[in-house]
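Asker: Take this structure first; my questions come after.
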Amino acid sequence: MTPEDPEETQPLLGPPGGSAPRGRRVFLAAFAAALGPLSFGFALGYSSPAIPSLQRAAPPAPRLDDAAASWFGAVVTLGAAAGGVLGGWLVDRAGRKLSLLLCSVPFVAGFAVITAAQDVWMLLGGRLLTGLACGVASLVAPVYISEIAYPAVRGLLGSCVQLMVVVGILLAYLAGWVLEWRWLAVLGCVPPSLMLLLMCFMPETPRFLLTQHRRQEAMAALRFLWGSEQGWEDPPIGAEQSFHLALLRQPGIYKPFIIGVSLMAFQQLSGVNAVMFYAETIFEEAKFKDSSLASVVVGVIQVLFTAVAALIMDRAGRRLLLVLSGVVMVFSTSAFGAYFKLTQGGPGNSSHVAISAPVSAQPVDASVGLAWLAVGSMCLFIAGFAVGWGPIPWLLMSEIFPLHVKGVATGICVLTNWLMAFLVTKEFSSLMEVLRPYGAFWLASAFCIFSVLFTLFCVPETKGKTLEQITAHFEGR
């Protein structure tokens, strides 16, 4: 396919009769697909309540030491990186629907292995399986939803991917208060099982069916989702061709590729994992009686502001929310760094984060007051992240790539995201030893500044455009 082929940019699926579709089943199909991200969020949140329980476990139950606990949390990201590659292969060969059905299997199998675990290796194996499923779901669900949605609601439905992730995390936190780790793993089997059931009754995306020359099935899917088959075009010439490196010379390919990979990298370099790492300790410093409340507070803020983002996404647009989100994160990470500078800035202090003890020169009341600065900065950061840099990179990833490279390109984006998440999580402590905690957060603030500049100069607005119009923009048409 070359940029000179006009058929590539013709709309596959336009609004029926020139007006917005009125089909409601598209919301049901999006909900069914979004149960994958809900399962993904539950798997991410599972480690927070499960690790303390597993560290206290008495024989014959498996027990985690500090090293095993670290891997129990981190191995999911490695599995997800592999899942991103697998998902990129599956989504173009098996289709979007079948890929979602298949990813429910390692979700259920992984949680089942954890439930039956008799040793640490079974626990890690179960987490690796759920991580693999997370990687597939994080790629396929946004692609499926973006391809079934009409432009007027694509931002809303696409943002629901991240909304369901944070709902899943919050669900794991709340359930962890009343369920021990085995029963919590049993609960983790419910969302993917429900997804498997519902997706059996949902259609494949019309765009994928068109590229496979399955016209009648595409028309039936369109009627099911949108309530109409009007506004339909033949599949673009070349949309079924496979990816090869020579395509990277085309602006319609390399421009969205650079944007997609950069967005995923900036998301992880924003400092979000560092803020989450410190949440409970900061709440302890602010004299909260139950520091585990921090996880729930963080989860509630994420859900509320991701929901706000979903509601305003198709009005405010992607670029504006990314810029506002980045600016909020710049100020909040800078304030975080100032907190650490004030409490640990003395030359005699360890550079390795023991923030649970205030600096001796600080009175207790002053220490508590500074801790409230950190609590406010943390809540502001989480709200800012949830409004923009949480959901939008995943949404844009599903929008900006042409059909014939979508599987490979989104797979590389997901691989980038999960590898960056693993590296940032595992190496953050080492970074703080070199730069001190305040330096690490100020570095995150600098990355947030770069993310704002990158958005302003490189990221186009996709609000209200068809996927084919977005492709035409990158090709300079």
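Using the three backbone atoms N, Cα and C, a Cβ is placed for every residue, glycine included.
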Asker: For Arg93 and Glu180, give whether Swiss-Prot records them on the same side of the membrane.
Answerer: no
Asker: Record says Gln267, Gln268, Asn273, Trp394 bind D-glucose. Source is Swiss-Prot. Which of Gln55, Gln118, Gln162 does it list for that same site?
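Answerer: Candidate listed by Swiss-Prot for the same site: Gln162.
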Asker: Which of the listed binding-site residues (Gln162, Gln268, Asn273) has the least company, meaning the fewest other Cβ atoms within 10 Å of its Cβ?
Answerer: Asn273
Asker: Counting CB pairs under 8 Å, which listed stretch among 183-203, 320-340, 405-425, 439-459 touches the transmembrane segment (97-117) the most?
Answerer: 183-203
Asker: Return the maximum Cα to Cα distance in Å (whole number) over the record's D-glucose-binding residues: Gln162, Gln267, Gln268, Asn273, Trp394.
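Answerer: 17 Å is the greatest Cα spacing among the residues binding D-glucose.
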Asker: Can you work out which residues elsewhere in the same chain, 6+ from the ends of the transmembrane segment (257-277), have a Cβ less than 8 Å from its Cβ atoms?
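Answerer: Beyond its ends, the transmembrane segment (257-277) has Cβ neighbours at 248, 298, 329, 333, 336, 378, 381-382, 385, 389-390, 392-393, 396-397, 400-401, 409-410, 412-414, 416-417, 420-421, 424-425, 428, 440-441, 444-445, 447-448, 450-451, 454, 458-459.
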Asker: In the same chain, which residue numbers or ranges, 6 or more beyond the ends of the topological domain 'Cytoplasmic' (92-96), come under 8 angstroms Cβ to Cβ?
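Answerer: Tertiary neighbours of the topological domain 'Cytoplasmic' (92-96) are 102, 140, 143-144, 147, 204-205, 208, 212, 406-408.
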Asker: Could you give me three numbers for the topological domain 'Cytoplasmic' (149-156), the DSSP helix, strand and coil residue counts?
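Answerer: Its residues fall into 6 helix, 0 strand, 2 coil.
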Asker: Can you name the far-off residues of the same chain, 6+ from the ends of the transmembrane segment (320-340), with a Cβ under 8 Å from a Cβ of it?
Answerer: 270-271, 275, 309, 312-313, 355, 370-371, 373-374, 376-378, 380-381, 383-385, 387-390, 392, 436-442, 444-445, 448-449, 451-452, 455-456, 459
